[in-house]
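Trainee: According to Swiss-Prot, the protein carries these features:
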| type | residues | note |
| --- | --- | --- |
| BINDING | 167-174, 192-196, 213-216, 280-283, 307-309 | GTP binding site |
| BINDING | SER174, THR194 | Mg(2+) binding site |
| DOMAIN | 2-160 | domain 'Obg' |
| DOMAIN | 161-326 | domain 'OBG-type G' |
Amino acid sequence: MYNFKDSVSITVVSGNGGSGCVSFLREKFNAKGGPDGGNGGSGGSVIFKVRENLRTLSFYKNGHVLCAKNGQPGMGFKRSGANGKDLILFVPPNTDIYNENDGTLLCRLENLNDEFVILKGGRGGLGNWNFKTSVRRAPRFAQPGESGNSLNVRLELFLVADIGLVGLPNAGKSSLLNRITSAKSRVANYPFTTKIPHLGILRYSYDDLIIADIPGIIKGASFGVGLGTKFLKHISKTKILALVIDISEANFLESYNILLNELKTYSYNLFYKKKIIIANKLDLDSSKKNFDCLIKALGKEKIVGISIYENKGIDELIKEFFVLAKTF
């Protein structure tokens with residue numbers, strides 16, 4: 001399993017400009033050829049760029065200082081110093097970049113090859129030949145290069161999916177994701193099996209949807225209990241919420257209400273997103289009666305009953321996903 005990281009704070013530093021050169025042309029038959037000091041090279045800039053197939057910020061470590069290269073000093077014969085190499089930092093799609101000092105959103109990088117120059121390198125200094133005049137024929141000074149800049153930034157990754165699977169621990173979200181997509185979300189019979197979000201692609205006919213399995217939500221998650229708000233943010237950008245409920249449990253309605261309350265407490269926008277209720281584990285003895293009670297209690301909601309174990313209701317659920325997605 002890869003190390004999922006969706007937030008990291010780093011320091012970025014652009015390169016210093018190279019100093020201009022103080023030099024005078026000295027040749028065999030031209031002992032006083034005049035100033036010929038070249039310009040310094042520009043410092044490297046710091047650029048964030050979206051790269052395909054990146055899904056995490058785990059290759060960055062909190063507190064790291066990442067620097068672009070400095071420009072090289074100018075040389076004689078009016079030769080300019082080499083420019084410093086830019087520092088290109090690759091990020092996944094849907095990465096927000098904040099000024100860590102004041103919390104300002106600097107940029108939102110959403111699509112492949114989007115890029116943002118966050119710091120420009122310092123300009124190279126002018127060599128002494130630039131300062132020659134009719135009065136000052138032999139300037140013995142040059143311009144220093146400009147210093148680069150530094151900035152503390154925070155990177156925040158948002159997973160974007162068409163449908164987010166939301167439920168209490170052990171509701172069956174991971175098993176459902178694995179069944180309808182090619183994802184390999186971890187499955188086991190204990191709470192919080194899913195500790196990081198997993199994405200899968202659901203294909204039907206010539207269309208596809210991105211499905212996200214979000215770690216289980218428990219009562220108080222919106223205040224940081226359990227895995228807390230760490231992953232609730234990832235469903236804030238999904239189009240549709242699929243509330244997965246273990247219909248075999250006696251407290252299935254309480255589970256449903258806990259989910260709604262946590263969504264509402266965390267964000268009204270989440271609460272009012274389009275939803276579909278998935279009553280899972282219909283193969284168990286108590287489920288049929290509970291499912292009828294659920295239909296009666298929540299008759300106005302869109303409800304689909306499924307059994308992943310017996311593969312019942314899966315095709316109907318897939319069709320409903322695509323019907324709902326087309327309403328956007």
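Each Cβ is built from the backbone N, Cα and C atoms, and glycine gets one as well.
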Trainee: Go through ASN170, SER174, SER307, our binding-site residues, and report the one whose Cβ sees the most other Cβ atoms within 10 Å.
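Mentor: Most Cβ neighbours within 10 Å: SER174.
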Trainee: Whole-number Å only: compute the distance from the Cα of SER174 (Mg(2+) binding site) to the Cα of PRO215 (GTP binding site).
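Mentor: The separation of the Cα atoms works out to 9 Å.
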Trainee: So among the binding-site residues LYS173, LYS281, who's got the most Cβ atoms within 10 Å?
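Mentor: When each Cβ's neighbours within 10 Å are tallied, LYS173 tops the list.
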